[in-house]
Amino acid sequence: MEFSVKSGSPEKQRSACIVVGVFEPRRLSPVAEQLDKISDGYISSLLRRGDLEGKPGQMLLLHQVPGVLSERVLLVGCGKERELGERQYKEIIQKTINTLNETGSMEAVCFLTELHVKGRDTYWKVRQAVEATKDGLYTFDQFKSVKPETRRPLRKLVFNVPTRRELNLGEKAITHGLAIASGVKACKDLGNMPPNIANPAYLASQARRLADDYETITTKIIGEQEMEKLGMSSYLAVGRGSKNESMMSIIEYKGHPDSEAKPIVLVGKGLTFDSGGISLKPGEGMDEMKYDMCGAASVFGTMKALAKLNLPVNVIGVLAGCENMPGSNAYRPGDILTTMSGQTVEVLNTDAEGRLVLCDALTYVERFEPDCVVDVATLTGACVIALGHHITGVLSNHNPLAHELVNASEQSSDRAWRLPMADEYHEQLKSPFADMANIGGRPGGTITAACFLSKFAKKYNWAHLDIAGTAWKSGAAKGSTGRPVSMLVQFLLNRSGQETEE
């Protein structure tokens with residue numbers, strides 16, 4: 001699909017469709033007013049008859065509007081003008097795109113990017129429109145024997161900006177939005193893949209393919225034999241019950257002018273299926289445990305977006321691939337594991353396995369002498385209880401890094417919120433037999449999980465993103481969300497000095 005920006009009057013647009021907004025109650029947006037004037041009040045007369053109230057997401061497709069060069073005009077309900085916020089704006093864009101796609105408008109000029117969204121500029125509106133468009137048109141149907149086809153799908157979308165001086169900003173927003181959308185799609189595709197296909201070896205194959213596609217990327221795969229030599233006993237223990245070999249994929253992107261500049265390291269939990277192991281999960285909903293690798297999928301998607309943007313920064317992405325299954329060789333509650341760092345862990349629950357994989361991955365990345373490390377993981381159900389399905393949890397040992405990530409989440413509208421990590425929570429991890437236990441009980445489960453990880457991240461600035469509530473959706477809209485790719489790319493845009501705000 002082709003995107004572009006322009007600055008022009010609606011009456012001069014010769015397109016299959018023009019998209020303009022209508023506010024409640026039946027009040028035309030400034031652009032719609034221009035079309036109404038040209039058409040001698042044709043549009044306002046329809047509104048007076050009650051054809052469109054202007055409620056959020058309402059659509060009215062008009063044909064052959066008098067005086068308008070475009071074949072069609074799509075009126076889009078935008079709700080009350082003063083209440084138009086970020087979420088509503090993105091939902092309106094998605095509904096608009098779906099309507100255009102379903103009604104055979106193969107190209108359109110969209111004036112919704114001229115609407116006033118509280119606290120947001122043209123760059124944000126255009127970029128979010130691109131991301132929302134791609135998100136709304138996303139499908140995962142490769143395993144369906146009969147694939148649905150759109151007869152005349154939307155192929156070209158032009159976003160109008162208020163002034164010509166904003167054209168460069170709009171073009172930058174499209175470039176960024178397309179790269180991020182590409183990363184989000186890659187993340188979704190990996191997450192939605194069935195676990196009989198998307199095992200650790202599949203993750204590794206995708207990492208290799210990324211290196212084949214981009215000159216700035218190199219990939220290294222670490223299998224169980226090398227992990228054994230490295231002393232990654234905790235990581236290896238989790239995968240012992242599965243016939244699928246554990247594999248850690250190291251994706252290195254070098255874009256900084258100084259190739260020796262310290263890298264930012266992203267570590268993704270890649271449990272391609274988590275049965276819970278010996279501490280078996282309930283059967284209901286267990287199919288969704290294929291999404292336990294969404295941390296790794298989001299790191300993969302971020303690396304892809306990064307390569308597309310060719311940002312001047314060095315980044316290393318780690319996909320910690322593993323499968324947690326019960327079996328005669330599976331690790332057990334009561335086992336004591338010696339981690340790569342030399343610290344010992346008493347296993348009280350084999351379903352708290354993500355931290356046992358991540359702790360060795362966090363120790364491994366010390367060798368890169370990182371500028372900072374951010375791990376991403378569907379780690380705790382407690383985070384879903386604390387923050388629901390809308391906001392990602394952030395925990396960190398470094399205040400400036402935590403602030404950077406939360407700020408990036410605000411800029412990208414991929415929301416995150418910082419949770420505390422006080423010393424008192426470490427008390428819950430004490431073990432009478434080892435240096436620590438792998439769980440700390442029900443109270444503050446997200447925090448104690450982060451406290452566990454922090455014991456392996458003392459040699460660098462570190463942050464942990466718990467995406468257990470935000471990585472996928474259940475129910476009718478079941479599927480990977482592609483989060484937090486947008487937030488991570490924004491973080492890297494900021495780190496590389498890219499200006500994304502007016």
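Each Cβ is built from the backbone N, Cα and C atoms, and glycine gets one as well.
Residues Asp351, Glu353 are given by Swiss-Prot as Mn(2+) 1 binders; from Asp274, Asp287, Asp423, that same site also lists Asp274. Site annotation (Swiss-Prot, ligand Mn(2+) 2) includes Lys269, Asp274, Glu353; from Asp258, Asp292, Asp360, the additional listed residue is Asp292. A simple Cβ count within 10 Å picks out one of the recorded positions Lys269, Lys281, Arg355 as the most packed, and that one is Lys269. Arg355 (active site) has its Cα within 10 Å of the Cα of these recorded positions: Lys269, taken from Lys269, Asp274, Lys281, Asp292.
Excluding Asp274, Asp351, Glu353 themselves, the residues of that chain whose CB lies within 8 A of the CB mean position for the Mn(2+) 1 site are, in sequence, Val238, Leu271, Ser275, Gly276, Gly277, Ser279, Lys281, Met289, Asp292, Asn324, Thr350, Ala352, Gly354. Annotation for Asp274 (Mn(2+) 2 binding site): spatial neighbours Lys281, Met289, Asp292, Glu323, Asn324, Asp351, Glu353, Gly354, criterion Cβ-Cβ under 8 Å with sequence separation of six or more. Within 8 A of the CB centroid of the Mn(2+) 2 site residues Lys269, Asp274, Asp292, Glu353, the other residues of that chain are Val238, Gly270, Leu271, Met289, Met293, Cys322, Asn324, Gly354, Val357, Ala377, Thr378.
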